[in-house]
Structures are given as structure tokens and as C-alpha cells.
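A.B. asks: Okay, handing you the structure first.
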Amino acid sequence: MGAMIVREVFEIAEKIKNMEIRGAGEIARAVAEALKIQAEKSKAKTSHELWKELKEASKILYNTRPTAVSLPNALRYVMYRGKIAYTSNADLESLRYTIINAAKEFIYNSEKAIERIGEIGAKRIEDGDVIMTHCHSKAAISVMKTAFDQGKDIKVIVTETRPRWQGKITAKELASYGIPVIYIVDGAARHYMKMTDKVVMGADSITANGAVINQIGTALIALTAKEHRVWVMIAAETYKFHPETMLGQLVEIEMRDPTEVVPKEELETWPKNIEVLNPAFDVTPPEYIDVIITEKGVIPPYAAIDILKEEFGWAFKYREPWED
């Protein structure tokens, strides 16, 4: 008999897949929550059955979005703690408690991290700064909002972020805090870089050499900023750092549906020899980045490897906890 997976796990997996739940932090908290619900609602009679269900649930969640490293890192955080309990012969209720607790702890820490990044990053923002941002990053917004709440006079240039327009979400959110916003098309980033003092963006993943994987368009903005000698700050929680890259694995860049770029009805009328490509992310090399702001402090990109060793060093002694 197969493992009994609760409905909520499938619902959360589906929402991550179709981007109803989006943004690395939101995705990470959602998968931790899914494991918590699986543990709470499980009808398992033994710790062996519950562990089997948790592994199955983890696999379902793991396969939803290939690039967002926050997703496997959240699963690792919860499941490694579960694995230690399970392999030390924990009984059913102890294992359940371990998983629920680890999930709550992960969610709490990840919310606190955003606040802390705001406090640390705001120190780098000066009164009168014009800041450019791209896509929608809770960590980047936290830096700008904290600086504004400290009474610094800032203005933010927001790129629309095609094809899914995450810039609209960012622009409205910043404006709701009272921050003056300029909203521009992605192609205008270089034109407005001359009036920009700092670039503050988030990250989906950060590799061992300090390269940043983020929403498509991030690398172009960072390149333009470097050309104009404008400071580039990446705001990211430590669970965005990608442990597998220490072992030389390359990050897979997710390709999304062409109909996000050209509506289906229109695409069907196009000549067949036009191929529409829609990569979700690009890679910004570390030399285009001045600092990475984490909840543990400000680091230069080349120190990413130190964060990885500190946070995930243990991960290399084992296989993934949901693998057999």
C-alpha cells in the first residue's frame, strides 16, 4: 500500500507549480508548512509509516520548481531533523513532534531573516538615494522600506519585469508604504541608470562562487550598473545559497511556457519557424555584485562559499533525507 499523502500537500505543490505561490521565501515557507500538515494530519500507525509518507510528500514538493533552491533547502531543514529522530528509533509521536517543530522553526527563522536583512541593508542606503529594483523580492523590499521608515528620503525605480509583471506587485507595495516610485519597462533600465545611486535586488539562488540566479533581466541590470559604477546589493536569506554548487553541479535554469510571452491565440497565428523561448532566470556573475546582504551580515560575493560551509556543510555527508 502506498503512502497516504494529505490533500494539502498536493494543493501546495500545484500552487508552486503554477506560480500562485511564488518568490523563493514564500515557496520555502509553503513546503515547510506542507510537511507540517502531513505530520499533523497523518493517520500513520507507526513511525515507519509516517516517515514513508514524509519522504513521499517531500518528493512531490521537490519536483515542482527546479531552480528555486529555497525549496530543497526548506525540505532539508525539516527532513534532516526528522531523519535524525527516525534513525534514533523515535516513536510515532516523537517523530511527528520533531517534524512539526522543525517546520515551525524554519518558518519563524525565515520571517525573522527578512526583518534582519532590512535592518542590515538599510545602513547602506543614504538619504536622497535613488534605488533601482527588479522583480518582487521581500528581502529587497525590506531594505528599502526600513531605510524609508528611518526617515531617509529615497525614491525607487521599479522595472516591470516581463513576462509576468512582478514589478507591478513591487511598485504597488512600495507605494503603499508611502515611498515615491518610478515604474519603467525593462528595456529602459540603462536609460535610467544615470540617475540611480544603488541597485537593490533579491536572489532566487546563490552559488558557491557568489553568482546570483534571479528573475530574468537581473544580469542585464547588474551589468548596466557596473558600467555606470553604481553599487549593486543583493538581499538574500542564507537558505537561498545553493549547496550542490559546492560539488560542481550547475544550476538548472527553468524554461517556462511560451504563452506567458505571447498569448496562445496570437501564437497560433504566428509562422511555425518562430520559436518563443521563456527562461525564468538568468545568472549574474559575482564581479557585477558589490555585496550580498544576509541575515548574518554583509558579505562580498566570494565569501558565499563560507556561508555554504557553515549552513550546509553537513549536507555533503549524506544523500537527500527523502531518498532511500
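Cβ atoms here come from the backbone N, Cα and C positions, even for glycine.
Pulled the feature table from Swiss-Prot, pasting it below:
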type: ACT_SITE; residues: CYS135; note: active site, proton acceptor
type: ACT_SITE; residues: ASP204; note: active site, proton donor
type: BINDING; residues: ARG22, GLY23, ALA24, GLY25, ARG65, SER137, LYS138, ALA139, LYS240; note: substrate binding site
A.B. asks: Compute the C-alpha separation of LYS138 (substrate binding site) from ASP204 (active site, proton donor), stating it in Å without decimals.
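C.D. replies: Spelling it out, the Cα of LYS138 (substrate binding site) and the Cα of ASP204 (active site, proton donor) are 11 Å apart.
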A.B. asks: Under a three-state reading of DSSP, tell me whether LYS240 (substrate binding site) is helix, strand or coil.
C.D. replies: helix
A.B. asks: Please identify, from the binding-site residues ARG22, ARG65, LYS138, LYS240, the residue with the sparsest Cβ neighbourhood, meaning fewest other Cβ atoms within 10 angstroms.
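C.D. replies: Output over binding-site residues ARG22, ARG65, LYS138, LYS240: least Cβ neighbours within 10 Å is ARG22.
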A.B. asks: Hey, does DSSP put ARG22 (substrate binding site) in a helix, a strand, or just coil?
C.D. replies: coil
A.B. asks: I want to verify one value. Collapsing DSSP to three states, which class is CYS135 (active site, proton acceptor)?
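C.D. replies: For CYS135 (active site, proton acceptor) - judged by DSSP and reduced to three states - the answer is coil.
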A.B. asks: Sequence gap of 6 or more, Cβ distance under 8 Å: name the residues on the same chain that satisfy this around ASP204 (active site, proton donor), in order along the sequence.
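C.D. replies: ASP204 (active site, proton donor) has long-range Cβ partners ALA24, THR67, ALA68, VAL69, SER70, ILE213, ASN214, GLN215, LYS240, PHE281.
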A.B. asks: Using Cβ-Cβ distances, find the residues under 8 Å from CYS135 (active site, proton acceptor) that belong to the same chain and are at least 6 apart in sequence, listing them in sequence order.
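C.D. replies: Set apart from CYS135 (active site, proton acceptor) by at least 6 residues yet with Cβ under 8 Å, we have THR159, THR161, GLN166, GLY167, THR170, MET201, GLY202, ASN214, GLN215, GLY217, THR218.
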A.B. asks: Across the record's substrate-binding residues ARG22, GLY23, ALA24, GLY25, ARG65, SER137, LYS138, ALA139, LYS240, the largest CA-CA distance in angstrom?
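C.D. replies: Across ARG22, GLY23, ALA24, GLY25, ARG65, SER137, LYS138, ALA139, LYS240, the widest Cα separation comes out at 20 Å.
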A.B. asks: Under DSSP, is the residue listed as 'active site, proton donor' helix, strand or coil?
C.D. replies: coil
